[in-house]
Amino acid sequence: MISVASFRRDFGYVLDGEAILPADWQSAFNIIGTVGQFFGGFACSWLADNIGRKRSLMIGVAICAGGCVGEILSNTRVAFLFSKLILGLGLGFYLTLAPLACSELAPVALRGYATAGVNLGIAIGQLLSNAVVKAFGERSDRWAYRGPFATQLFFVLFLAAFLPFTPETPWYLARKDKLEDATKSLRKLYGPAYDVSSRLSGILATIEEENTHQTHELGFIDCFRGTNLLRTGISTGVFLCQHLVGIVFVLGYSTYFFQLAGLDVSKSFDLGVGVTACGVFGNMVSWFVVESFGRRKIFLSGMASLTALLLLIGIMDVVPTDAAKWVQAACTVIYAFVYFLTIGAMAFAILGEASSTALRAKTMALATATQAVCGLAMNFAIPYMVNPDEGNLKGKVGFIFGGLAFIGTIGSFFYVPELKGKTFDEIDRLFAAKVPPRRMGDM
């Protein structure tokens, strides 16, 4: 929304004829949503283990509705800040519960598609966001930014209408000894011809084996004990990598970055839409390769490719030619495609498989918290890097994130596992046997 002049005018000030949102408020607006995500993830993990995944997600939808309405009606910086906090809380519910529910609802053969599909929802949201901002952005009144905020309510209402008809996950119901409800859920998911009894027996066997090693009620501290420490590190590390490759800068600031690079407003909006459209396409392509090539190969190739693209963006910023800015724009579009095809989609697939079933809600809450903390740091730092009245680094930021991405690539080589086609019981045994993550695909 920072690329919309009327938003900067109404919530900022005019300097030399240009509307500017102060860097401190710009950082506050960007940061507050991630603060909400942080607390939302932890809150919904407790709710998910106590009242179920489905009911918790419905609560998250209600919170999002309140945040959306608040953004539309806000007239002051403080009111808008509070509304973004509420919306961030709801987003924390989604980022935690969506991969959790997908990993528990989908069969092993479709688990990669389902969990990678979570990122498709994010990509489509970003595409529609940029498209709506382009449609409204050149207006001179407040609806230049209120219009895009209002479109968020469509998705809230869509979820509110259809969530009541979705089944609760059989894993949650089995853990609560609601075996009849778990059977009904499995029949609803797989159809009457499916061998529900065999599937439920497998779920109960995995739960029973975990319970034999459980001597107390599990808490967040257990995510850092024994083999769960490695599983938690992998689950959170893949989301740390998303921030090391500069996703907040490249996608969150793409339209604004294009303007700073010297492109006019209309072309900047067009390219912003193009960036997210390529992201959606990349995520769709991931479905065709996730089960063929596996999570590890796709993730590692993505990290290496994004490192190269970021360094090229930085190099082009020091090349004194008009063509350089178009090369930067092309790199940004390619970046979006590669990111959503690789680490954007695979992070959710790896998260849904690496976390233990007993601690899945808590591990996913920690993954959401990792995203929030990293987003907090990036959203605070990036405005000071790129704003004309601050660092004004423009594309040179590519050097910073290129270096961080290289470090992430090295770490990913050693710690990102290949868990394609393995049941949760088989995954538990691999970690219990202390097989190195990079060797798990060979077992």
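Using N, Cα and C of the backbone, Cβ positions are placed for all residues, glycine too.
TrEMBL annotations: computationally assigned, not manually curated.
In TrEMBL this protein carries:
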- 1-420: domain 'Major facilitator superfamily (MFS) profile' (DOMAIN)
- 55-73: transmembrane segment (TRANSMEM)
- 79-101: transmembrane segment (TRANSMEM)
- 108-129: transmembrane segment (TRANSMEM)
- 149-166: transmembrane segment (TRANSMEM)
- 238-259: transmembrane segment (TRANSMEM)
- 271-290: transmembrane segment (TRANSMEM)
- 297-315: transmembrane segment (TRANSMEM)
- 327-351: transmembrane segment (TRANSMEM)
- 363-385: transmembrane segment (TRANSMEM)
- 397-416: transmembrane segment (TRANSMEM)
- Query: Relative to the transmembrane segment (297-315), which of 55-73, 149-166, 363-385, 397-416 accounts for the most Cβ pairs at distances under 8 Å?
  - Reply: 397-416
- Does the transmembrane segment (238-259) reach the transmembrane segment (271-290) with at least 3 CB pairs under 8 A, where each pair is 6 or more residues apart? yes
- Message: Counting CB pairs under 8 Å, which listed stretch among 108-129, 363-385, 397-416 touches the transmembrane segment (79-101) the most?
- Response: 363-385
- Message: Take the C-beta pairs under 8 A between the transmembrane segment (55-73) and each of 108-129, 149-166, 271-290, 327-351, 397-416. Which stretch has the highest count?
- Response: 149-166
- Message: Are there residues at least six beyond either end of the transmembrane segment (363-385) with Cβ under 8 Å to its Cβ atoms? List them, or say none.
- Response: 23, 26-27, 30-31, 33-35, 37-38, 40-42, 44-45, 92, 95-97, 99-100, 220, 223, 228, 231-232, 235-236, 239-240, 242-243, 246, 248-249, 252-253, 351, 355-356, 391, 393, 397, 400
- Item | Per-residue pLDDT averaged over the domain 'Major facilitator superfamily (MFS) profile' (1-420), given as an integer | 87
